[in-house]
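Contents: one structure, followed by commentary.
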Amino acid sequence: MKFFTNSAKSVARIGTLTNFERIPTISFETPLALIYTKGGSVPHLTKDVFKMVTTDPQLLSVSLPSTLIMTEAMKEANISFSNFVSMQEHINMLTIHDPADLTPSGHQMLDTIPVWPRSGRIQMSANKYMDLVETFKPDCYVALCDGDTNIDSSKKRSENAVNRSKTLFEQCLSRHTASESLKSTGILGAIEGGYNVDARLASIDYLKDKPVLGYVIDGLHNNGPLVHSITSEQIKQIVEQAVSLLPSEKLKVSMGCWNPPTVLDLIELGIDVFDTSYPYVAVKNAEALTFLCDHNTCGDVLEVISFRDIRYEEDFSPICSHCECLTCKNHTRAYLYHLRNTREMLLDVLLMIHNIHHYLEFFKAIRENIKSGTFDELKQKINLKFENFGILESCKVVVAEELKSSNT
């Protein structure tokens, strides 16, 4: 597995992920969105329905909390994870935590970190993790790390995260290089340190010369829906510093349900890979993504449509009249509102179809605009959509409410 790019650091760039041993004919252009999965499947979608969303091979994001339960069955069957979940036509990346669910803080020990499946906390050592990696046989994976930091983390917590991550990485890399089954598997190192500049520098200095496929800019949040309220201003200094000091030819990854304006800012800083937990979180909120809709026939839509809103009870138009997804071609906003009102599971299926399609189109537009030199225009268009309505940035909502009350 290899990554190629001709672009410089700290800039929106096009790259290529290729040379996958399991499926040599597959390659992916970056910027790229990993398809978020639970247990190796796209939430709410069967394999056949997912094929109706896209027939292209995808890079799947697979996290430990929803897959640990499968380990013994995979060992007994002596098959890889991709075969076990019947998604062998797709490439997969194994990550530590679920980006759509809040990761509980604490419980780190000297050489272990906690992983949180539904059954409860499991302490994960590097050796135990590498046993799992050799069982799963992913196409690439993130080395075990301590990413339990956020904007409120203390200096000591950030430094401990870096030191523990160094120890865990050394143990993972030692097992990786000694393993015959992982010789062609990509390994990514995690840049830790929270929002502490010195701690980040220590993590970067340690990892920048290691033989890795790329780096995960980790430790910026504790995952879950609240990540969408983090603005690029809060993380710009940390991400910009990391990307500028790391080798430009290496892949840069940032997991989490970032809102689209922040995704665009991170791409401009040099991040190559994200995930689709943002569309999934929107589905959980009964929301359809519409931030790409700028056609007159779509009406005055916000960046999302919430089917909790009674205004759609008798709206017989599709979510977006120019969207080519199965949901928009066959169903109306009124029907989706009805499904929400009657608590039908079909709502989640139809919204997931639309939201994944919409988000993949978003990344397709990103790549096309980078190639054509119009990335700034795309940024302005998306930023305007969110600035006009400001739902995701809670600080802007508070300011707007204060201004409104002061003017009355």
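Cβ coordinates come from backbone N, Cα and C, glycine included.
Curation does not apply to TrEMBL; its annotations are automatic.
Site annotation (TrEMBL): Zn(2+) is bound by Cys323, Cys325, Cys328, and the candidate from His228, His354 recorded at this site is His354. Around Cys325 (Zn(2+) binding site), taking its Cβ as the centre, 24 other Cβ atoms fall within 10 Å, counting all chains. A helical conformation is recorded for His354 (Zn(2+) binding site) in the three-state DSSP classification.
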